[in-house]
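Student: Below you'll find the structure I mean.
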Amino acid sequence: MNIFNEQQTVELLKRLTCTPSPTGYTKKIMNVMASILDQLGVTYTTTNKGAIIVTIKGSNDERHRLLTAHTDTLGAMVKEVKSSGRLSLSMVGGFNWNAVEGEYCTIHTASGEEVRGTILMHETSVHVYRGAGSLPRDEKHIEVRVDAKVRNAEETKAIGIEVGDFVSFDNRFELTDTGFVKTRHLDDKASVALLLQLVKLIQEEKVTIPYTTHFYISNNEEIGYGGNSNIPEQTVEYIAVDMGAIGDGQQTDEYTVSICAKDSSGPYHYELTHQLVDLAKKNDIDYKLDIYPYYGSDASAAIKAGVDVRHALFGAGIESSHAYERTHIDSLRNTAELLHAYVMSPMIDEEEEN
């Protein structure tokens, strides 16, 4: 059994990252999810918030597991149509404006039109603005230069652009010959691709899993409440599959699967976390254990909502998170292998009893 199909995973990841889905504007990406699942012959339910839940019955239907990943990404909304015809933005999700300065973007109008543009500082031209490089990158100075012949607010509004329209950032997907995947929105579409591939594997290989398992594709994680509801009451374990944070003081890298012991919300379930570590060791899966200083997940959102589950978090290591991100095929492979090892393993309390 081939647990990780590199070509299929990369092709799927490219498709997902090329589909705009800033938080709040996820209908298109969720339709893509539904289409993929329909092609696999997998049944699913859709929540009122638009999330998709796939349930695969296991040998034990009394104690359930849940794995989640999110399709929603960073983005922006039109805050103001300026007198110049350009647009000021309101941030969706948490990032730094310098991470998107100079990026091409798409304005999604209420009528369904897509208008191209570029995110720039208002004071970009060094031939006009002295000290432009030292000005703060913030909502006051960042704007969208619209790719249409508009010279004032009235002309911009006349082509259908209005306050509240969503703005998505170009992903710029690239797979290098050295195995790196470079694109925006690896957080968390890398995990979504891996979960879909796992569902495909179970479905096509007719794998019998030990516990009924829910695959929860959420669409509001970047604003804090993606996977905190519609959790079946039989759920005992809740795994967020989400990016590993890379930087100074971190063990996480782009080649291993990152298992999170603690983030801003506090420690993850100790025994479940160390079951993941043990599974990695037993299956020769390269991993790193880490703490993410400024981070929250759908699993921690579920805990805060009062859901009584054991929760854990792991995923591929993502470099330059919430900017132009990068990971390596090796990290995707190690994450896929840990996902498979986990869904086939006994729950930690049953393992202890044996």
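One-based numbering along the chain as shown.
Each residue, glycine too, has its Cβ placed from N, Cα and C.
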Student: The Zn(2+) 2 site in TrEMBL lists Glu222, His322. Which one of Asp187, Asp284, Asp286 belongs there according to the record?
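Tutor: Record check against TrEMBL: Zn(2+) 2 site with Glu222, His322, extra candidate from Asp187, Asp284, Asp286 is Asp187.
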Student: The Zn(2+) 1 site in TrEMBL lists His70, Asp187. Which one of Asp242, Asp248, Asp253 belongs there according to the record?
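Tutor: That Zn(2+) 1 site, as TrEMBL gives it, pairs His70, Asp187 with Asp242.
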Student: With DSSP assignments reduced to helix, strand and coil, which class does His70 (Zn(2+) 1 binding site) get?
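Tutor: Assignment for His70 (Zn(2+) 1 binding site) reads strand.
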Student: Roughly how many angstrom lie between the C-alpha atoms of Asp187 (Zn(2+) 1 binding site) and Glu222 (Zn(2+) 2 binding site)?
Tutor: 10
Student: According to DSSP, does Glu222 (Zn(2+) 2 binding site) sit in a helix, a strand, or coil?
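Tutor: The residue in question, Glu222 (Zn(2+) 2 binding site), is helix (DSSP, three-state).
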Student: Whole-number answer please: how many Å between the C-alpha atoms of Glu222 (Zn(2+) 2 binding site) and His70 (Zn(2+) 1 binding site)?
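Tutor: So the Cα of His70 (Zn(2+) 1 binding site) lies 8 Å away from that of Glu222 (Zn(2+) 2 binding site).
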Student: Excluding Asp187, Glu222, His322, which residues of the same chain place their Cβ within 8 Å of the centroid of the Cβ atoms of the recorded Zn(2+) 2 site?
Tutor: Thr73, Leu74, Gly93, Gly94, Phe95, His185, Asp188, Met243, Ser321
